[in-house]
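Note sheet for the following structure.
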Amino acid sequence: MLGSFAVLRKQSLLGDAISHAALPGIAIAFLITGAKDTNTLLLGALVSGLIGTFWIRSIVTKTHLKSDTALGLILSVFFGFGMLLLTFIQKQPNANQAGLDKYLFGQAATLVESDVWMMAIVTGICLIVMLTFWKEFKILLFDADYTKTLGFNTKTIDILITSFIVLAIVLGLQTVGVVLMSAMLLAPAAAARQWTNSLSKMVLLAAIFGAFSGVFGTAVSASQNNLSTGPVIVIVAGIFVLFSFVFSPKRGLLFKQIRFVKNRRDLELHKTLAFMYHIAETHDNISHPHTIKILNNFQGYTKGTLQKLVDRGFVELDGNMWHLTEEGFKTASNLYNQQNASDE
Amino acid sequence: MNNAQLEIQLIASLVAIACAIPGTFLVLRKMAMISDAISHSILPGIVIGFFISHDLNSPLLILFAALTGIITVVIVEYIQKTGLVKEDTAIGLVFPILFSIGVILIAKNANDVHIDTDAVLLGELAFAPFDRLIVGGTDIGPKSLWIIGTILLVTVTLLITFFKELKLSTFDKGLAASLGFSPAIIHYGLMSVSSVTTVGAFDAVGAILVVALMIAPAAAAYLLTTDLKKMLALAIGFGVLSAVLGYWVAHLLDASIAGSITTVLGLVFLMVYLFAPSKGIIAVMYREKQQRTEVSLLTFLLHLKNHDDLSERHVKHLNEHINWQKVRSKTVLDLAQKNNMIVIKDNIVSLTEKGDAFTSKAIDYIITNEDAQIEDMKDDFFLFRG
């Protein structure tokens, strides 16, 4: 759901960066408490995720480094630091340390009931906040300057959205792991984007796609041996995206291609018609017959286009001869005028 | 320092150099995240290479990995070209999916083999010296040293040969294309080099470190200089410095070498980010504050010019009317006085001749609002900064 906002805000890779940046938080939380309590670890992840995000922000706004550099930098540096801490922890004589690296790849199967409840609660809070601030989110998303002139505090709204994205990511980490979290955030939103232009529909669709790939992915992974859940979910989500890319009615590649081909055919048709018009023009009587042969070697001409012209009643065939009808002549001359008009 | 330690540092430094070169261009071309994508998506390539060769040391692995890296770039670009989603979304979609395929391939088919996702992502530099390359029965050094050395050599050769082309196409794509260099070839060339470097380096240092080594030194160098050659040199310097320092930190803490090198890189960047002379945070903040004072000064002078009433020009009035705090009004007053723009007599502020002339000029500039004049004005401002 929140992914929709990330996608539309061109912050897609933020998810990736945050999920990596959360690692040192987990490690530090563990170092401080010495226990493997899910909540404290998540809190640590949340804090370090937020620090990472705001550092990225400040790099982008204060220096001339671009956002991609900032993202990559924070991502790798935080992750490296997290690794350093993890290896450091592993050397510590603490029996609890095992399993911390589970957070790296995630394992939905290790979730216990309390985790699920926790997720449900957080999702609920996200939902409530989103509905409350729906108007503000939407307006900020599409026209930040306008929002500012209306007197909304853009910074607060911005921080609110970002915090919730971070929260969602940190929660998701347990399930699908660091690497795949970004796909979980992006894929449903990217797929949903193809089907609709309305934000509310997009968010709804993204939620449905996300839930579907979650359920489906888990089912597949449970049915097979040796398949970890995270990657399967991601691949299912990926298939959704691919499907959306190809088959969505307005933006999809398939329909785009069909439209493209159709346009080209239309153009060829027009070209043939225009050519015929020029020939017919030289004669007093527009229904003066000509042989089909003279149309050969002309780009737009095929038997198909000729047949189409006949079907539309622009041309009449008589054996090997053709001649323009009244209607065809009119259309063709209009065609020409229209082109001139649009040129001007 | 024993032999193994020296070798580790040598490998780390070579990797740092090999990464810094393509990294600089990636940062300049705003494609830094591509390196992250490549480093993740080479996993399926390695796995497939392994299935074909059944040998973890086969060069086929590197070949396939580099190939998947390039495929990633191509797919990302294709998705981007369709205009369905933005570039960053395309990157964010492609690499997790490829990575997932890799993980699943390992899980399904190669469970008993030693390809560990952890090892792929993190690498273990400490073991690098144990993997020796034996030629004709003699030990000629660690294998990864040779691999990364070769890659570095190729990279440097390419860099020197195509420096002009690279530079041109990075900064002015249009000009490069019109001069007859194909931006596409250079683009894919750069991508291939990045891909090969990532692959060559990853089994020594891990994917994350590769990303860090590519981006962090280049980003730090970018903050320090605007000269491409200097930037390259600085990036290499930062990389090597962090590699060596990072090794000793790891030695001290008994922790992961890759992790500590990354941490040192992060610290180096943080230092540069804070203290870089003209682009660091502190410098930027200082400049912003200065500009704010200057704007305040201008507002103040305009206010003086507009009002002749004594009550409007009383020192106290500043606090009430323009809503400035005491400190700020004092700074502005001091600055104005220092520049002989105003005189204060009996707590009444009046413009001097110089101040009057300056204010009229400023109004002129503001009204006409032409770029060239703004530039002039900056010079004027600069005059009374001191």
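Keep in mind that glycine also has a Cβ here, set from the backbone N, Cα and C atoms.
Listed in TrEMBL:
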- B:6-28: transmembrane segment (TRANSMEM)
- B:37-54: transmembrane segment (TRANSMEM)
- B:60-78: transmembrane segment (TRANSMEM)
- B:90-107: transmembrane segment (TRANSMEM)
- B:145-163: transmembrane segment (TRANSMEM)
- B:175-193: transmembrane segment (TRANSMEM)
- B:205-224: transmembrane segment (TRANSMEM)
- B:231-250: transmembrane segment (TRANSMEM)
- B:256-276: transmembrane segment (TRANSMEM)
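Remote same-chain partners of the transmembrane segment (B:145-163), defined as residues 6 or more beyond its termini with a Cβ less than 8 Å from a stretch Cβ, comprise 7, 10-11, 14-15, 17-18, 21-22, 62, 128, 133, 186, 189, 193, 196-197, 200-201, 204.
Remote same-chain residues near the transmembrane segment (B:60-78) are listed as 34, 37-38, 41-46, 48-50, 52-53, 87, 90-91, 94-95, 98, 147, 188, 191-192, 194-196, 198-200, 202 (criterion: CB distance under 8 Å, separation of at least six residues from the stretch ends).
Contacts between the transmembrane segment (B:205-224) and the transmembrane segment (B:175-193): absent, as fewer than 3 C-beta pairs lie under 8 angstroms at sequence separation of six or more. Residues of the same chain lying 6 or more positions beyond the ends of the transmembrane segment (B:175-193) and with a Cβ under 8 Å from any Cβ of it are 22, 25-26, 29, 34, 66, 69-70, 73, 154-155, 158, 162, 165-166, 168-169.
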